[in-house]
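Straight from TrEMBL, the features:
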type     : residues      : note
SIGNAL   : 1-19          : signal peptide
DISULFID : CYS151-CYS185 : disulfide bond
REGION   : 261-300       : region 'Disordered'
COMPBIAS : 265-284       : compositional bias 'Basic and acidic residues'
TRANSMEM : 398-419       : transmembrane segment
REGION   : 443-540       : region 'Disordered'
COMPBIAS : 446-471       : compositional bias 'Basic and acidic residues'
COMPBIAS : 473-501       : compositional bias 'Acidic residues'
COMPBIAS : 502-513       : compositional bias 'Basic and acidic residues'
COMPBIAS : 531-540       : compositional bias 'Basic residues'
Amino acid sequence: MHFQSFWLCLGLLFTSINAEFMDDGVEMEDFDENSEEADVNEGELSSEIKYKTPQPIGEVYFTETFDSGRLAGWVLSKAKKDDTDSEISIYDGRWEIEELKENRVPGDRGLVLKSRAKHHAIAAVLAKPFIFADKPLIVQYEVNFQDGIDCGGAYIKLLADTDGLNLENFYDKTSYTIMFGPDKCGEDYKLHFIFRHKHPKTGVFEEKHAKPPDVDLKKFFTDRKTHLYTLVMNPDDTFEVLIDQIVVNRGSLLEDVVPAINPPKEIEDPNDKKPDEWDERAKIPDPSAVKPEDWDESEPAQIEDLSVVKPDGCPRKIPNPDYFEDDHPFLLTSFRALGLELWSMTSDIYFDNFIICSEKETADRWAADGWGVKIMVANANEPGIFKQLMAAAEERPWLWFVYLVTAGLPIVLIASFCWPRKVKKKYEDSEYKKTDVCKPQTKGALEQEVKEKKAALEKPVDLEEEKKQSDGETLETPEKEEEGEPEEKSEEEIEIIEGQEEGNKSNKSGSEDEMKEADESTGSGDGPVKSVRKRRVRKE
């Protein structure tokens with residue numbers, strides 16, 4: 001029972017330090033022998049891991065790995081933000097192509113945001129525009145907050161296919177169709193999925209925000225690992241959001257976005273106004289009201305009058321002139337460019353392996369060849385349990401107390417479980433030695449033993465006495481006189497007793513106190529020696 005408690009506490013310890021790791025069971029496909037390969041021998045790798053630049057399969061609209069080391073096809077913005085001081089309105093944040101700081105995969109590079117407290121904007125044109133029709137939309141890319149994140153985002157924008165699209169003028173107000181990705185402000189961790197829906201009557205675009213994921217997103221911002229973000233939009237007007245190939249949010253474009261796609265059928269009449277005699281008091285007393293004869297004081301003082309109705313002309317609603325019903329919101333505005341327009345208080349945000357496609361198998365293979373290799377390397381370089389415990393304690397100092405309690409608990413349990421048994425066993429062993437080895441034989445016991453032997457020798461005498469009785473001889477038995485008197489012993493008996501007493505005294509394992517204790521326990525050494533009644537034959 002003690003040890004069950006110990007293992008229970010140990011299990012709780014590992015739970016409290018967040019020993020939870022994401023599923024990394026990404027199936028790695030065989031690589032082409034003709035592809036570029038690089039050996040990865042970093043940290044504690046136990047086996048050789050080979051990397052090649054991912055190659056898309058099937059139809060794709062956009063891919064980018066940055067493994068070439070060049071920003072081919074990417075355009076840096078030269079625009080300025082509106083409504084911002086001129087000193088900070090310029091998109092002058094720096095971008096670089098680099099390997100990861102930790103868990104490097106030789107040959108694998110990514111796009112890195114390098115500047116703090118600056119605006120960054122960069123974009124690239126798709127191979128062909130994506131048109132929302134009868135195929136799903138899959139958008140996928142990797143992010144690593146290598147230095148954590150204080151305040152800033154790592155989301156992307158899919159820029160609308162408009163005639164005036166110019167990537168050099170890309171800024172915060174550039175028209176986009178979808179915005180997707182992680183963002184942090186203060187202690188608010190978000191994973192955006194926003195799309196701009198066009199009003200079919202007015203032509204005005206309105207942002208629709210998907211409900212937030214029902215998971216804790218903090219660890220994806222703080223663990224300094226590479227995470228895979230995936231958005232799936234289906235022609236049946238459903239969507240899924242995944243992190244590391246695990247669904248964290250799903251829903252309907254019609255029901256799970258705010259504000260709703262379709263406006264209300266009725267709205268309040270903007271021309272409605274209060275009558276001139278309107279009393280601003282919410283309730284007024286009725287001067288003509290009297291208690292009825294059957295008034296019951298135990299009943300509520302006020303109840304709702306279900307028969308009351310609003311007077312004609314009281315605040316009213318009218319049909320919504322802008323009402324429409326869009327049963328298929330998946331049909332959004334097509335887009336033809338991908339852009340990152342970001343501001344961050346933390347540098348070294350890593351982006352890699354962008355892909356836009358319509359087939360899940362294409363996205364999964366792309367993830368296995370890129371993100372999957374990163375995860376294998378990171379897992380191989382994962383520190384041992386001791387280092388993990390120390391690292392966890394550095395972030396959460398209160399864990400030192402948990403460690404102390406957990407380390408001391410086995411000692412307390414072992415002591416409480418084993419110590420009483422040892423003391424008891426020692427006591428039992430000493431008792432055994434005292435009673436069975438060192439206990440002396442008492443004087444009374446020796447006398448009794450001599451009597452028994454003597455009685456055995458006197459059996460023939462008794463037979464002779466019985467024979468004499470049959471012949472008329474009489475026996476004299478002065479029992480009353482001899483009762484209570486010690487029996488006279490022969491010289492032979494006395495010598496036997498004295499020899500045995502001397503042997504007991506010479507016994508080194510016993511002491512006088514022990515002999516006294518033994519005599520008291522038997523009760524035969526202190527009292528007077530009872531005599532054995534014997535028959536004496538009077539000879540005439």
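Here the Cβ of each residue, glycine as well, is placed from N, Cα and C on the backbone.
All TrEMBL annotations are machine predictions without curation.
From a predicted model like this one, the values you see are computed outputs, not experimental measurements.
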- Message: Neighbour count, 10 Å Cβ-Cβ cut-off, for CYS151 (disulfide bond): what number do you get?
- Response: 14
- Item | C-beta crowding around CYS185 (disulfide bond), within 10 angstroms | 11
- May I have the DSSP-based helix, strand and coil counts for the residues of the region 'Disordered' (261-300)? 0 helix, 3 strand, 37 coil
